[in-house]
Every structure is written in structure tokens, then in C-alpha cells.
Amino acid sequence: MSSRDKPKTFAEVREEICKRREEMISRDNQKKTKTVAQVREEKGKRREEMISRYNQKKAKTVAQVKEGKGKRREEMISRDNRTKPKTVAQVRDAKRKRTFDHVPRGTREPHAYLRNDPAPQVASVPKSVPEEKDVILDRILSNVPRRKKTTSYEFVPPKHPQEPQWLLQVMSRMNGAGDPKLIIEKNLDSNDVDPRQNRLSIPINTVIQNDFLTLDESRLIDEDEITNEGNMGVAAFLVDQRTKKWNMGFKQWFMTTDSGSSYWSFVLRGEWSNVVETNGLKEGDKISLWSFRSNDILCFALVPPTSSVVESLDK
């Protein structure tokens, strides 16, 4: 039977238990909380460290600030003395000293080398001549960049053709208010005179005076369907030179050309095909469209070309 497998005696077991207890007590002593005196001592040390750091960072007194300013002033004066131009006497004195450094002390005779200079002058600064104030001012102004002359242009509004006399007479009979406004001048295209399409297109970018609609009418046109179908838009009248009146609907369409480009356009619908037939309008005819108000109702006046008026009157 080996010594490891041999059972321990009661005394050996007690000795091991005592050793373990001593180890546990020593570990507890190392980990146990500090006393009040130890905590106060540590707080005092930390307070002293904070006070020392504060004293290093705290603001200087007035005397210390003045002392620092005096030192900086002396440094600036010394730098200025080193950089300011020397007089002729100072330059010669410095040259003499450099020369005497190579001459033995017993043979130095400064009076034999230097001559008297009764009027010392500044070596590097030329003597300034007093100038008149006007001369100085002219010299300063000559270096100032001059402003370029700007020409002002007066805005001249474009001249529109004068409203026809018959339109003023029609407005007076229909209780028209305000001045008539020129909407568009255009040459009729094939779509404008096509009875199947029955509409006059007024591209928005070609409108001459665009303030002929009220706020409610503009909102109604903007909220209309983009499909170019459905509502009639804003109800209006159209009159011609013979004071004949037609019912119209004024809308806004999104139109596309044969080339594929698209644009917004106002459109006059309703009895437009009857207007074309009655006034003998053809493709290429140049017309003018005016706008006015009659009892707050939107009205348009068509000014056809002279040849169409003559032909329609002959009929």
C-alpha cells in the first residue's frame, strides 16, 4: 500500500483544515473594506492633487499679467531695434569694430580710420520730401480701381396693335367693363379650320396678355381633366365684327405635335366650326383674338383678316 493511499490521521486532517482556514482569513483581510481613517486619508490626498492642478491652471494676478506684458514689450522693442535702419555713424562703427578685430590691440587707432561726420544720416531710408495733401490724395486715388460706367435702360413695354373701333362699340352695347386685352395673333393651321376637330388652339407660350382670367377661372381650368375630354371648362362668348354671338368653352389641353414634342395650350370649343364657316376662315389666315368682360362673364372678340370679312359680307 502506497503512502498516498494510506489514510491520514486525525492530527494531519486537523492541521490541513487549520492551514486552509489561515489562507482564507489572509485572503479576506486583503479584500476587506477599508477603515474610515484610510478612506479619509485617500480623500485628502486626492483633494491635494486637485488643488495643485488648479493652482497650476488658475488665472494669473494683475501683477503677473503686468510683468508678462512688460517682458513682451521689451522683446518687441529689442526686435525693433535689431530690425530698424541704422544711421551712417552706426554702420561705420560696426565696420570699424569688424576691422579692429583683425588688428592687434597695440596698433589700433580709430581716429586715423574714421573721419568726423557732423550730420549722421539714415543709411537705408531715403529722406522724405513733404507733399501737399492734394498730391497725396491724387496718388492714393490713382491706385483705386475706377468703377465702370453703367448705362440705365428704361423699360419700354411692347407695342400692341390698337383695339378695333367696332370692338369698343360692341363692349358698350354689352356693358363691357375695363379695357380689351389682346390674347393672341396667329395664322390658322389646318386643325383650326377642320370642322371635325371644332376647336381653336391658343398655345400658352404665345399668349400676349395672360391676365385675362380670374382666380376662380384659372383654378377651374387647372383642375380640369388632362385627358382633354369631359368638362366644358370656363363658359364664354365669342363675338365678331357683325356683333354675332356664339357660345364657347375655354379649356386647357395637353397637346402633342407630329414630331413628338408636347406643350400646353388653351382651346376654344363649342360653336367654333360655325364661326369658321360664317366668317369664311381658311388655313393661313391671320386672326387676332381679344378678351373683355361683360357682366363678369368672359368674352372673346375675333378680328378676322380683311379679305374674310369682305367675303362674309358678300354672302
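Just so you know, glycine gets a Cβ as well, placed from its N, Cα and C.
What you see is a predicted model, and the numbers here were worked out from it, not measured in a lab.
Taken from Swiss-Prot as is:
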DNA_BIND  204-306  DNA-binding region
COMPBIAS  39-51  compositional bias 'Basic and acidic residues'
COMPBIAS  66-83  compositional bias 'Basic and acidic residues'
COMPBIAS  100-114  compositional bias 'Basic and acidic residues'
REGION    24-129  region 'Disordered'
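Listed by sequence, the residues of this chain that lie at least six past the ends of the compositional bias 'Basic and acidic residues' (66-83) yet keep a Cβ under 8 A from its Cβ atoms are 60. Long-range Cβ contacts of the compositional bias 'Basic and acidic residues' (39-51) within its own chain (Cβ-Cβ under 8 Å, at least 6 residues beyond either end) are absent. This prediction places the mean pLDDT of the DNA-binding region (204-306) at 87. For the compositional bias 'Basic and acidic residues' (66-83), the number of residues in each DSSP class (helix H, G, I; strand E, B; coil) is 18 helix, 0 strand, 0 coil. Here the DNA-binding region (204-306) is broken down by DSSP into helix, strand and coil counts: 20 helix, 43 strand, 40 coil.
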